[in-house]
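Taken straight from Swiss-Prot:
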- 1-9: topological domain 'Cytoplasmic' (TOPO_DOM)
- 10-30: transmembrane segment (TRANSMEM)
- 31-110: topological domain 'Extracellular' (TOPO_DOM)
- 111-131: transmembrane segment (TRANSMEM)
- 132-652: topological domain 'Cytoplasmic' (TOPO_DOM)
- Gly203, Pro204, Pro205, Gly206, Thr207, Gly208, Lys209, Thr210: ATP binding site (BINDING)
- His425, His429, Asp501: Zn(2+) binding site (BINDING)
- Glu426: active site (ACT_SITE)
- 623-652: region 'Disordered' (REGION)
- 641-652: compositional bias 'Pro residues' (COMPBIAS)
Amino acid sequence: MSDNKWLRNGFVWMILIIAAIAVWVTFVQGGRGGATITTQEMAADIKAGKVERLVMTSGSDEIQVQYIGTNEVRTLRLPPNVDIFELLKTFGIDPQQVDIQTHRASQWGNVLGTLTFLLPTLFLIGVIIFMMRQAQGTNNQALSFGKSRARVFTSNRPTVTFDDVAGVDEAKEELQEIVEFLKYPEKFAALGARIPRGVLLVGPPGTGKTLLSRAVAGEAGVPFFSISGSEFVEMFVGVGASRVRDLFDQAKRNAPCIVFIDEIDAVGRQRGAGLGGSHDEREQTLNQILVEMDGFDSSTNVIVIAATNRPDVLDPALLRPGRFDRQVVLDRPDLHGRLAILKVHTRGKPLESDVDLEDLARQTPGFSGADLENLVNEAAILAARRNKKTIGRRELYEAIDRVVAGPERKSRRISEREKLMTAYHEAGHALVARMLPHADPVHKVSIVARGMMGGYTRVLPEEDRFFWTKKQFEAQLAVFMAGLVAEELVFQEVSTGAANDIERATTLARRMVTEFGMSERLGPLAFGRKEELVFLGREIAEQRNYSDQVAYEIDQEVRRLIDQAYQTAKQILLDHMDKLEKIATLLVEKETLDGHEIEALFDEPRPRPELVGPPLTRPAALIATPETARPDSPSEARPAAPVPHIKPQPAS
């Protein structure tokens with residue numbers, strides 16, 4: 001490809017040089033001749049004694065007439081087949097009276113004279129050839145529309161192995177068998193095992209689906225074809241199906257190999273009913289994929305690995321056994337997974353001795369593998385910005401805030417009242433989160449603007465959580481409302497800074513009622529049905545499957561939950577107004593507080609939730625002490641103890 005480019009550029013430069021030479025020859029040769037003169041004028045000047053000499057060039061019909069006492073030179077062009085001596089005699093001039101000199105023609109002069117006529121012709125021919133080559137390239141591009149755009153990674157490239165993938169141990173075990181099959185297919189054929197046609201990797205963005213598929217190819221040492229689902233379909237009809245055929249033809253020629261289709265939901269969506277009579281190019285591409293995956297020979301060692309974060313919209317024919325035999329789920333890593341991922345991404349990076357990766361993993365719940373990689377990279381950039389040779393705790397923990405909330409905006413100037421209002425707002429969040437047993441502990445509070453936020457309060461669970469209880473949701477609602485309540489109690493008005501808190505609280509309360517069945521009034525029912533439109537994809541619209549009366553009751557339950565959270569937050573802040581002022585004052589002074597600084601303001605320990613159930617279901621840290629436990633108490637469910645410092649509020 002590069003050689004053709006150099007040839008094409010060289011051809012263009014050659015044409016330009018030839019054109020420049022032609023222009024130069026034309027102007028220079030024309031300039032040397034000077035003004036022209038007729039034969040009558042020359043004869044008159046000779047008779048008048050003005051001409052010093054006549055200069056002739058052999059083989060040329062031009063004569064240079066040089067005048068006495070001046071540098072003027074005029075050019076006479078002889079008629080065809082006319083001799084200068086005969087011409088002078090015709091005008092009655094003796095040739096002996098004139099100094100006539102004859103010079104041999106220069107070889108370069110002949111060449112330049114020839115080029116004067118030849119170069120324009122060569123230039124036109126070159127332009128025509130160049131245009132023909134361009135047209136030929138355009139035709140080739142048009143014919144290559146049906147070719148696959150897959151990128152091929154072979155064994156001579158830097159490989160990714162399972163050692164570079166962490167936090168997805170179960171997925172690696174599932175895919176280890178794929179590696180075994182690609183390496184030793186006869187081992188499975190001897191037992192009559194069927195070749196696995198495809199593996200579907202399902203998981204949220206950033207969980208390592210693409211990385212894991214490349215690790216499979218790296219472990220097996222086979223070619224790896226990578227293509228995105230959106231690269232199949234173009235503006236021309238039939239291009240998608242043609243590219244699918246070409247992709248699988250290449251894969252068969254390079255077997256054993258792996259074909260990786262990223263974001264397969266771009267072409268693998270469930271086929272519709274064909275409403276409107278339109279021809280859906282995407283459906284034809286999907287049909288071709290189904291045919292190709294079902295048309296493999298049993299001896300063809302080609303495995304298709306696809307990745308998607310929307311498995312619910314895929315066509316059932318694509319998911320049946322015989323096409324994608326296995327579905328491997330990749331979820332966000334837990335504490336141990338995050339620790340393993342951090343060890344992989346910090347490999348080869350100079351860390352300071354005080355860096356605790358386990359503590360870092362504990363402070364990043366919900367982070368995906370891509371988030372953790374970005375965190376380590378941001379920390380390295382911060383260290384380089386500060387001209388450090390190593391990455392320390394300060395950079396890593398600051399990188400967490402950058403990933404979660406965005407970079408700091410310390411240059412933004414705000415008034416003292418707005419700064420104080422932000423401090424009380426965030427102090428309200430922190431205080432209510434600290435006093436509620438079922439709320440997550442406060443980790444960090446800051447009034448430094450980050451991203452689009454004027455301040456933020458970070459709470460972290462004590463352990464990984466996969467389920468939420470009603471009490472935890474109610475505590476979270478109270479924490480959401482605490483900022484607004486703090487502004488109202490201190491300043492007797494509320495600001496727009498609580499808009500996002502209100503939106504999140506309303507959304508959570510509505511989901512508690514309509515999705516999670518956490519309403520005592522409406523019971524464990526799910527309200528609202530997802531409308532599956534056949535030609536637009538799934539979950540486009542939500543249809544009400546309940547009456548207006550039920551809709552009114554849903555709104556009332558949402559209002560009741562929000563009001564209850566509001567009253568809970570208000571009671572806590574009223575009972576601990578001194579702590580609210582201390583936290584706000586420290587925030588104005590330091591701008592950022594961690595959980596230990598907030599905990600130091602309290603004399604009593606943080607309230608712990610009282611869990612009901614068999615002791616084996618309770619975390620060790622939350623089991624009641626022998627002084628408070630009653631061995632003879634029954635194990636059936638008991639009413640939960642009231643939240644400390646909160647007066648019971650009647651339901652509205």
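Cβ from N, Cα, C; glycine included.
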Worksheet, complete the sentence: CB neighbours within 10 A of Pro204 (ATP binding site), counting all protein chains shown, number 12
Response to the item:
Its Cβ having more other Cβ atoms within 10 Å than any other among the binding-site residues Pro205, Gly206, the winner is Gly206
Worksheet entry | By Cα-Cα distance, the member of recorded positions His425, Glu426, His429, Asp501 nearest Thr207 (ATP binding site) | Asp501
Practice prompt. Spatially speaking, which of the recorded positions His425, Glu426, His429, Asp501 is closest to Pro205 (ATP binding site)? Use C-alpha to C-alpha, please.
Written response: Asp501
Response to the item:
On the topological domain 'Cytoplasmic' (1-9), the mean of the pLDDT values is 53
Worksheet entry | Other residues, Cβ within 8 Å of His425, His429, Asp501 Cβ centroid (Zn(2+) site) | Glu426, Gly428, Thr457, Phe480, Ala482, Gly483, Leu484, Ala486, Gly497, Ala498
Worksheet, complete the sentence: Across all protein chains shown, the one of the binding-site residues Gly203, Gly208 with the most other Cβ atoms within 10 Å of its Cβ is Gly208
Practice prompt. Could you check which of the recorded positions (His425, Glu426, His429, Asp501) sits closest to Thr210 (ATP binding site), going Cα to Cα?
Written response: Asp501
Worksheet, complete the sentence: For the topological domain 'Extracellular' (31-110), the DSSP residue counts stand at 25 helix, 25 strand, 30 coil
Discussion item. Please identify, from the recorded positions Glu426, Asp501, the residue with the sparsest Cβ neighbourhood, meaning fewest other Cβ atoms within 10 angstroms.
Written reply: Asp501
Discussion item. Please list, in sequence order, the residues in the chain of Lys209 (ATP binding site) that are at least six apart in sequence and whose C-beta is under 8 Å away from its C-beta.
Written reply: Leu201, Gly203, Asp262, Ala307, Leu330
Worksheet item: Once Gly203, Pro204, Pro205, Gly206, Thr207, Gly208, Lys209, Thr210 are set aside, which residues in the chain still have Cβ within 8 Å of the Cβ centroid of the ATP site?
Response: Leu201, Ala307, Asn309, Leu330, Ser368, Gly369, Ala370
Worksheet item: For Asp501 (Zn(2+) binding site), which of the recorded positions Pro204, Gly206, Gly208, Glu426 has the nearest Cα in space?
Response: Glu426
Worksheet item: Cα of Pro204 (ATP binding site) to Cα of His425 (Zn(2+) binding site): how many Å, rounded?
Response: 33
Worksheet item: When a 10 Å sphere is centred on the Cβ of His429 (Zn(2+) binding site), how many other Cβ atoms does it contain?
Response: 29
